[in-house]
């Protein structure tokens, strides 16, 4: 793979749909205000990608930072209350989109705003609707600009940061490449802000192992995502078979190299064992609201024999989940082995756990015995 990456832009030519995540630090100047120069660089970069027949989707931070300019709130992001963040986002999102629109207009590029919450990703129906919307926009030669809907998001339903959102978006949109633009040009063996001797890591071929060894203490003032979150997002993308580049969005030369098909910054190889889009959603997108503890027979049935989880094998129910909610499945030692979509709510499973299908049929007074004892169908389950 290293040889392929080093071959001019042959590798880049294979990438047709690209998600570009733009961090807050990329878009602001030293005073914390939106920088016209930065927007010019980004829009020029996107135009260059589109000139090479790439479909581009932006995931852009910056609404809260933009809102500071409107409301004159100087409090550091980590000390802002939820209402303050929501007010800043409300004021800043329109300014952010207006700025993007005015700069893209110079290239005759149409843009569209998509605001998502974690619930939009967790719900399979809304996830599919968002995907269809993105497909339609791309078909009409529009650049979707995605951000979290901070105005209505609370701590319980918000994404950890937009790095995470960009990885989920890459899977949602069936992208070929994720480019995370930050204020540093890739990953280093040491914190480059604290160590002048820090060396750039060009290629990471096993992102999971790399994360286990990685230590990070360099979260930025304006953004919420440090390098650790970028690596974790690259891992999420990797599991969907999507390669990731982490590079500087502030350096015009870096952006020019990327649009020319030259790999710069840090390149993170995707996993060789790509999982299906649905299983990826089950693992990373679906919210898990409960836990089913199962006996050894049930665990062997789902992990070895690729069977559905039957109510007869469930010995304990934890959490207050509804029908069709996401849940974890664990063994008697409480080790999580799978995740899936429950066919019953928590109270129903408490009543039918340990029962055979015929007994459940009598209890529920059902005429349909076929499949009635299945708590989680194998088609809606993924092993962890």
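Even glycines carry a Cβ here, placed using N, Cα and C.
No curator has checked TrEMBL annotations; they are predicted automatically.
The structure displayed is predicted, hence computed values, not measured ones.
According to TrEMBL:
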type: BINDING; residues: 21, 224, 225, 226, 227, 228, 229, 230; note: ATP binding site
type: BINDING; residues: 61, 150, 162; note: substrate binding site
type: DOMAIN; residues: 290-373; note: domain 'PUA'
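Residue 150 (substrate binding site) sits 17 Å from residue 21 (ATP binding site), taking the CA atoms of both as reference points. Here the domain 'PUA' (290-373) has a mean pLDDT of 90 out of 100. Counting other Cβ atoms within 10 Å of each Cβ, the lowest count among the binding-site residues 21, 150, 162, 229 belongs to 229. Taken residue by residue with DSSP, residue 150 (substrate binding site) is part of neither helix nor strand, so it is coil. The shortest Cα-Cα distance from residue 162 (substrate binding site) to any of the binding-site residues (21, 226, 228) is found for 21. For the binding-site residues shown (228, 230), fewest C-beta neighbours within 10 angstroms: 228. Rounded to a whole number, the C-alpha distance linking residue 227 (ATP binding site) with residue 61 (substrate binding site) is 15 angstrom.
Put simply, the two farthest-apart Cα atoms among 61, 150, 162, the recorded binders of substrate, are 11 Å from each other. Taking each of the binding-site residues 61, 226, 227 in turn and counting other Cβ atoms within 10 Å of its Cβ gives the largest count for 61. According to its DSSP assignment, residue 162 (substrate binding site) is helical. Mapped onto DSSP helix, strand and coil, the domain 'PUA' (290-373) counts 26 helix, 23 strand, 35 coil. It is 14 Å from the Cα atom of residue 229 (ATP binding site) to that of residue 61 (substrate binding site).
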